Amino acid sequence: MKIAVINSGSSSIKFKLYLMPQSIVLAHVHVEKIGETSSKITFRHTDKKEVFSNKIDTHHEGLRVINDILKEYQIIEHFSSLDAIAHRVVHGGDFFKSATLINEDVIYKIRELIPLSPLHNRANLEGILVSLKKAPSVPQIAVFDTSFHASLPKEAYLYALPYELYKEHKIRRFGFHGISHAYVLKKVAQEMQKNLHGLNMITLHLGNGSSACAIRNGKSVDTSMGFTPLEGLVMGSRSGDIDPQIVIYLQKELGYGLDEVEELLNRHSGLIGVCGEIDLREIIKRDDELSHVALDMMTRRVKKYIGAYMALLGRVDAIAFCAGIGENSSEVREKILKNLELFGIELDTKANEKNLTKISKQTSKIEVFVINTDEELEIALEAEALLRA
């Protein structure tokens with residue numbers, strides 16, 4: 001079974017073609033800078049990698065270029081020969097609890113959710129609409145970042161606001177990065193040789209966008225992101241948790257408009273807001289006070305969530321780091337786990353420095369892992385499961 005996975009961004013398309021159930025990657029194409037003067041196309045196939053430029057004005061043209069590349073290398077003749085096309089969609093709201101076959105109703109609901117994730121859902125929908133035009137006869141499946149958190153109990157997803165706001169307007173915690181958290185859960189269960197449905201763990205997806213997740217018996221029971229991906233951890237350009245009254249103060253006392261506040265919290269806060277740099281690798285290299293403070297704020301926030309989730313779960317079998325920072329920064333992992341020995345977490349510093357899969361000591365009561373998350377593969381697995389159901 002050949003399943004294509006499409007992750008459509010505002011100016012990019014990530015395309016991976018899998019042979020399932022073997023989970024073999026047949027091709028990987030990344031189209032960047034759509035709509036700009038010169039677009040970049042990166043193509044990987046077996047051991048080959050090619051990078052070339054072309055002017056691509058729209059997502060429709062982007063998919064046509066991908067199709068042309070796959071045809072040229074005799075991987076597939078046309079998208080219509082695929083068994084399925086699976087799309088990443090960031091926000092599924094209250095509507096979607098699992099992977100879903102796309103129809104007119106699904107498209108309508110994804111469009112309805114754009115205000116809750118304007119940066120992502122609009123672009124995700126664009127990829128779906130273009131793909132449907134290219135291959136109308138191929139089953140197309142939406143896999144949602146919010147679905148893994150559909151198991152949150154009411155006390156976790158409700159905000160302490162008037163209940164009518166939830167009933168009438170669905171203002172609640174949804175959580176994000178669910179595709180990544182789900183994949184990491186499966187990999188840790190394999191590493192520990194345990195049934196994932198009996199596993200209690202904390203997953204830490206740390207990248208430019210970051211979130212923590214508390215998992216009990218293989219189900220998400222709490223997560224740091226909320227109604228939108230703005231809540232929770234200190235991120236590259238997002239504030240994470242702040243006193244909500246700050247938003248009112250910015251508008252009433254400092255004269256900020258609504259759009260300016262949204263821009264401030266999403267694009268000019270977090271690490272870049274504190275020290276002027278978004279790249280954590282550069283922040284670690286720096287020797288100025290604000291860079292040190294930004295790093296300490298970021299790791300301190302993660303540590304606080306670990307403590308809260310340990311108290312919530314009672315028994316914790318494992319902690320797992322993933323995504324760009326979580327997978328690659330031994331310094332960040334060490335700062336986060338420092339002085340947690342009292343809680344049964346013992347870091348093996350040598351294993352951590354080598355970015356090994358398991359980075360806890362043999363004597364550690366809680367095992368600690370570094371997992372290379374693979375959201376595209378998880379999407380393909382969920383799509384395959386839906387098709388075979």
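Yeah, the Cβs are placed from backbone N, Cα and C, and that goes for glycine too.
Annotation source Swiss-Prot lists active site, proton donor/acceptor at D145. Positions annotated as Mg(2+) binding site by Swiss-Prot: N7, E375. Look at Swiss-Prot and you will find K14, H205, L206, G207, N208, G209, D279, L280, R281, G324, I325, G326, E327, N328 tagged as ATP binding site. The feature substrate binding site is assigned by Swiss-Prot to R88. Sequence annotations record features per position, and here Swiss-Prot assigns site 'Transition state stabilizer' to H177, R238.
The structure, with features from Swiss-Prot marked on it.
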| residue | record | Cβ contacts under 8 Å, 6 or more apart |
| --- | --- | --- |
| N7 | Mg(2+) binding site | I13, K14, F15, H87, R88, G127, E375, E376, I379 |
| H177 | site 'Transition state stabilizer' | D145, H205, G209, S211, C213, M225, A323 |
| R238 | site 'Transition state stabilizer' | G209, P229, L230, L265, N266, S269, G270 |
| D279 | ATP binding site | none |
| R281 | ATP binding site | S329 |
| I325 | ATP binding site | L206, G207, S210, L280, V332 |
| E327 | ATP binding site | F321, N355, V370, I371, N372, T373 |
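Each of the recorded positions D145, E375 was scored by the number of other CB atoms within 10 A of its CB, and the lowest score belongs to E375. Around the Cβ of N208 (ATP binding site), the same chain contributes M235, G236, S237, I278, G324, each under 8 angstroms and 6 or more positions distant in sequence. Look at the binding-site residues K14, R88 and count other Cβ atoms within 10 Å of each Cβ; K14 has the fewest. Binding residues for ATP (K14, H205, L206, G207, N208, G209, D279, L280, R281, G324, I325, G326, E327, N328) extend across at most 24 Å, taking the greatest CA-CA distance. Annotation note: N7 (Mg(2+) binding site) sits in a strand segment as assigned by DSSP.
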